[in-house]
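Database features (Swiss-Prot):
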- 2-88: domain 'GST N-terminal' (DOMAIN)
- Y7, W8, W46, L47, S48, E49, K50, N59, L60, Q72, S73: glutathione binding site (BINDING)
- 90-208: domain 'GST C-terminal' (DOMAIN)
- Y116: substrate binding site (BINDING)
Amino acid sequence: MPMTLGYWDVRGLALPIRMLLEYTDTSYEEKKYTMGDAPNYDQSKWLSEKFTLGLDFPNLPYLIDGTHKLTQSNAILRYLARKHGLCGETEEERIRVDILENQLMDNRFQLVNVCYSPDFEKLKPEYLKGLPEKLQLYSQFLGSLPWFAGDKITFADFLVYDVLDQNRIFVPGCLDAFPNLKDFHVRFEGLPKISAYMKSSRFIRVPVFLKKATWTGI
């Protein structure tokens, strides 16, 4: 039986999960929920099902795999990664994955907070000012490695790709000063399963955020 991934019909938090499902050749189907237009941004399509799915902490995204029902995007990623040995093989690799997972969420939500804020135009310059320093840290962390944990890909690379790519959409050219990050971005998109997915009708690059965001990526 295929897994079911539930999320809004946007990129949001789901792209790393979608890409990991594709990369691992996992049989899955998507349940995409649509949010209504302004001014009410109706969420009834999700809310009508929210408490009927048997989820311990009902939220989007969710993943249903038989009797296993998960919410929280990183918990879902780790669940899938454990099935395929993509959590790091050595203690050093697992430490790097753990650090990245949490650091990326910090940086992800810094962008989210700017883009959903009614004070977007006031907050954007400060975000742009601090972005090069954040990217420099990722560049130093990667160094000359092909993947962020080491020689082999892990689920953390799916998170890094997503955060870097969202920032590329927000600030075109922001990776130009960091050749190893640009190379990583190209390397990731060049993975055969990822490349095929990105060419398919299932792939959602934008909108990055929901309609109620000030900046959605479109």
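Note: Cβ is positioned from N, Cα and C throughout, glycine not excepted.
Along the domain 'GST C-terminal' (90-208), the predicted structure has mean pLDDT 97. In terms of DSSP helix, strand and coil, the domain 'GST N-terminal' (2-88) has 24 helix, 20 strand, 43 coil. Counting only the Cα atoms, the space from Y7 (glutathione binding site) to Y116 (substrate binding site) is about 18 angstrom. For the domain 'GST C-terminal' (90-208), residue counts in helix, strand and coil come to 82 helix, 0 strand, 37 coil, using DSSP. Considering only the binding-site residues S73, Y116, the Cβ with the fewest other Cβ atoms within 10 Å is that of Y116. Listed binding-site residues: Y7, W46. The one with the lowest count of other Cβ atoms within 10 Å of its Cβ is W46. Burial estimate for the binding-site residues (S48, K50, L60): highest at L60, by number of other CB atoms within 10 Å.
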